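Note sheet for the following structure.
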Amino acid sequence: MKILVDENMPYARDLFSRLGEVTAVPGRPIPVAQLADADALMVRSVTKVNESLLAGKPIKFVGTATAGTDHVDEAWLKQAGIGFSAAPGCNAIAVVEYVFSSLLMLAERDGFSLHDRTVGIVGVGNVGRRLQARLEALGIKTLLCDPPRADRGDEGDFRSLDELVQHADILTFHTPLFKDGPYKTLHLADEKLIRSLKPGAILINACRGAVVDNTALLTCLNEGQKLSVVLDVWEGEPELNVELLTKVDIGTPHIAGYTLEGKARGTTQVFEAYSKFIGHEQHVALDTLLPAPEFGRITLHGPLDQPTLKRLVHLVYDVRRDDAPLRKVAGIPGEFDKLRKNYLERREWSSLYVICDDASAASLLCKLGFNAVHHPAR
């Protein structure tokens with residue numbers, strides 16, 4: 001049994017070698033010749049999986065180690081009788097922590113408290129729900145917009161997008177990319193929406209590049225609209241609008257979900273799905289794969305305020321470490337993908353062990369996802 005895996009999927013060689021012969025290949029582009037005798041293909045979002053790639057090939061199963069699936073023609077795979085699995089929620093925590101890192105940086109730079117801001121969350125799936133929970137743990141007001149969930153009658157106080165635009169100080173997008181249909185998200189943030197944002201609003205896109213109309217956004221910024229922008233995803237990746245990059249406050253190369261834990265979850269989820277598909281079901285404990293974190297433990301004295309939270313968050317991950325490298329190489333062919341391929345190890349907040357002498361601080365940090373304990377001061 002021959003299994004092709006994206007060379008940038010961590011732990012893929014070791015895990016899938018339990019099931020067959022593993023060959024690691026680049027994801028963009030996939031070497032088509034390798035597909036001629038392969039039984040399974042494991043990809044990331046950079047690989048377009050469709051009829052033109054797989055027609056006439058012996059592939060029986062495709063797995064994507066990503067939450068999003070807009071790069072995969074699922075309908076064709078089903079028609080062709082090819083098994084498929086994604087990894088929903090694998091990087092949700094990572095994306096939430098990316099958003100927090102960005103917001104805390106902007107809050108420090110611009111001198112505001114997040115408690116004085118209302119956050120509008122567009123898309124309330126794995127990422128949006130977790131983001132809402134952490135913001136509300138901090139006492140920060142949120143507004144939710146998710147028409148598909150609202151129409152299904154899912155639990156939640158869902159509002160219209162117009163209402164979020166009117167009332168939110170921060171608007172953050174966490175939707176799939178739907179190019180048509182009743183829940184179309186292509187250019188959901190169009191020129192009209194962008195112009196309607198509150199003065200000084202923060203716009204964040206960490207889902208799919210085309211959810212925000214990049215040309216319209218650049219037009220508004222060039223005209224002097226007072227707006228802070230955080231973009232992790234771009235229309236036309238791996239190409240991007242270099243002029244737009246110069247105008248945004250934070251720009252990164254589609255790495256919001258790139259924690260070691262998130263990547264490992266993606267790999268293990270598709271590994272478990274494929275092992276079940278071939279009748280050799282196996283389960284993997286994530287902590288058996290991950291290395292020890294860089295920081296062993298730290299001690300926190302007193303209550304948790306925003307500056308202290310910012311220091312803790314940026315100790316684990318400061319988004320500026322990914323903004324600067326992109327600006328240096330933007331527009332150079334191949335460099336966007338190189339930044340992703342050679343991405344520095346990044347951990348999640350749970351890797352940081354925090355000893356607190358304040359019980360409320362320990363409790364709050366645990367709700368936020370840190371590994372925190374309360375030890376009273378002596």
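Cβ coordinates are placed from backbone N, Cα and C, and glycine is handled just like the others.
According to Swiss-Prot, the residue from ASP116, ASP232, ASP287 that belongs to the NAD(+) site alongside ASP146, THR175, GLY257 is ASP232.
The record assigns SER45, THR66, TYR258 to the substrate binding site, and the maximum Cα to Cα distance across that set is 12 Å. Same-chain residues at least 6 positions away in sequence with a Cβ under 8 Å from that of TYR258 (substrate binding site) are, in sequence order, ASN91, ALA94, ARG340, TYR343, ARG346. For the recorded positions THR66, ASP146, THR175, ARG208, GLU237, a Cα-Cα cutoff of 10 angstroms around HIS254 (active site, proton donor) retains ARG208, GLU237. A straight line from the CA of THR66 (substrate binding site) to the CA of ARG208 (active site) spans 12 Å.
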